[in-house]
Amino acid sequence: MVDAVTGFVLNKIGGYLINEVLALMGVKDDLEELKTELTCIHGYLKDVEAREREDEVSKEWTKLVLDIAYDIEDVLDTYFLKLEERSLRRGLLRLTNKIGKKRDAYNIVEDIRTLKRRILDITRKRETFGIGSFNEPRGENITNVRVRQLRRAPPVDQEELVVGLEDDVKILLVKLLSDNEKDKSYIISIFGMGGLGKTALARKLYNSGDVKRRFDCRAWTYVSQEYKTRDILIRIIRSLGIVSAEEMEKIKMFEEDEELEVYLYGLLEGKNYMVVVDDVWDPDAWESLKRALPCDHRGSKVIITTRIRAIAEGVEGTVYAHKLRFLTFEESWTLFERKAFSNIEKVDEDLQRTGKEMVKKCGGLPLAIVVLSGLLSRKRTNEWHEVCASLWRRLKDNSIHISTVFDLSFKEMRHELKLCFLYFSVFPEDYEIKVEKLIHLLVAEGFIQEDEEMMMEDVARCYIDELVDRSLVKAERIERGKVMSCRIHDLLRDLAIKKAKELNFVNVYNEKQHSSDICRREVVHHLMNDYYLCDRRVNKRMRSFLFIGERRGFGYVNTTNLKLKLLRVLNMEGLLFVSKNISNTLPDVIGELIHLRYLGIADTYVSILPASISNLRFLQTLDASGNDPFQYTTDLSKLTSLRHVIGKFVGECLIGEGVNLQTLRSISSYSWSKLNHELLRNLQDLEIYDHSKWVDQRRVPLNFVSFSKPKNLRVLKLEMRNFKLSSESRTTIGLVDVNFPSLESLTLVGTTLEENSMPALQKLPRLEDLVLKDCNYSGVKIMSISAQGFGRLKNLEMSMERRGHGLDELRIEEEAMPSLIKLTVKGRLELTKLMIPDRLKAFVRRN
């Protein structure tokens, strides 16, 4: 397991060896020797795991390795931090800088030679302890080979493997949909041990077409062991999907739970609703929720999932408690073979016999079976016996526990994949994780190495897909064939947390205890009080500080906590900064965090960035989403490493060349016109936001050609009220020479369509998602899509909420849009006449 850390440090040493400063100081050779020794030790660690050595001697040796790996990282990072700090100083400090540089150079030479002596001592101890030999692999980088294999793999399957729950689904659907007045079951509780499939069953019911049609509105929330009633209520309100984003921001400011209860009660009163409350551990959680849910016997239902029978049967007098059973062997085998044999062309009797022996020992627990099958699906057939033998050595009570299967799966991961999985321990229990954010964090942490053929973000996505394929992570939401959000089962999360603690990988803040001095990351899930962040012991070796959770009123962050100089990741989403009594300004001290790669200030009300932001030349991601628009000039031109800029920059936004830029959401048309579009070759996600409230004097004529110059552009959103779209290039937005070879999603908001734009748009070769929101059809009465048009389009959404010229008719020819699965026409367009093929009528939604 420690190999995850040593592998990471080896990659970091490799990056520093490229720096010519080390060669000038005469320390490069020493660092090369250090790397060679650590590479050998990295291999010995794999040997310790392979031989399943768990004796005290091996544990002590691996602890020594972990300590020195972290010390190597600290020495290198601290030295280069000082170099960067000195490079920012000018004028009278020049002489002091020269003296300081000489002192720093002397110190790092001594530090590296001390580390070299320590690592040689560790090597001698290995021989004394009798830890086995290691043959370093030759040839092409294993990680690169595996990443390319993943790239060629089929896309993630959206269909969840649900076996043995068919009867449960039928029984509970009857309960949910029944009109029988004698059936007073307002609450349905599903209970059973962890890993049986309670959430999977509830999700199956929640997504049922019959259920969607029966209820006016639905909501899903989770509770978990550490819960706050406030967070649960906010999640229910958001999940209902009937409250605007602006209203949600106001709701988050409610100070008392009672205010939220009254608000939710008002939303649901008179409606036929369904609410799923997942993973309840404490009966008080339901008691605090039920006051907010009207029980007027209009057919509304609440589904509760829990491991505890007393909660399932005792929540209410009208409860129907449904106990989940273990799978039969036949069901277990069906679940297993669907995944385990998916990559095997021919399954012989010996392989079946070996598989059945292992499945029997899983005792009918679905989670253990899917993790085991995920492990074996990646093994060659001759390796199955090795897995079986290893399982037999680890049997507990003559059965395979989920922890046993997980240990085997984790053990054989490459170190990069181990780090990615351990990062799931950062997130709260039952938390829905946005994959885009997770990818940005993994890259910023330095866990991802660039492949010859792929960008780091694509490599990170491959790792997440592999964890999904191994059944260690659940794909929650999928769009355009990509996992957009995911979740980890709480049992697997517990195992990830256990391993993360052993490695000092992360500490989840607890006001009763402090993390160790070498812990690399600290994460806060709940604020105990608003000012707790102001008065805390600072761990100067920390690389990441994250607040992840629901915003609870106002959480203040004192600027003294922003002086952790080695930070690579700072995520303060949902908190407020205290900076000279101005809460919408990021403190100047942020410019001292020159190692920073990720700055998350979403939902913080920050709308002004200080000039010191220019010091963050290694910054890769700036996430200011959910904040008020940045009205003043924002200068990011010196941030040459920027890959992702997220926020509403309505004033002038200076980007520089932007050669590394992949995400730009969102800037004004004026700022876009100032960029050199030819240099934006890596840009994949672009949003232009022009609104009369902010940019009357800054609006400039645009042409679709400017958007087509970044050839890798996949997502384009234009929110430009009252702008016109036609085939003429002299208009504000023209469709002349449209050429988007990679575009997958196009959203137009507030655009005036002067003519039928579909003939031009339907030629986009990879377009899967087209949204026309609040568009004005002033020059169009009939919009038509011809045969063969939109060959890959899966979703077409047309809506109009404000007053304007609507559309009389939408015509779709017989062979058009062969891939379509969703056609939405809503708002003032509900009266639009649809002339469409019969095959598409099942996909139409008018709401």
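Placed from the backbone N, Cα and C atoms, the Cβ positions cover glycine too.
The range from 24-41, 78-95, 780-797, 816-833 that Swiss-Prot describes as coiled coil is residues 24-41. Comparing Cβ neighbour counts within 10 Å across the binding-site residues Met193, Leu196, the minimum falls on Met193. Each of the binding-site residues Gly192, Gly197 was scored by the other Cβ atoms within 10 Å of its Cβ; the lowest score goes to Gly192. Each residue in the coiled coil (24-41) has a pLDDT score, and their mean in this model is 78. Just so you know, the Cβ of Gly195 (ATP binding site) picks up 22 other Cβ atoms within 10 Å once every protein chain is counted.
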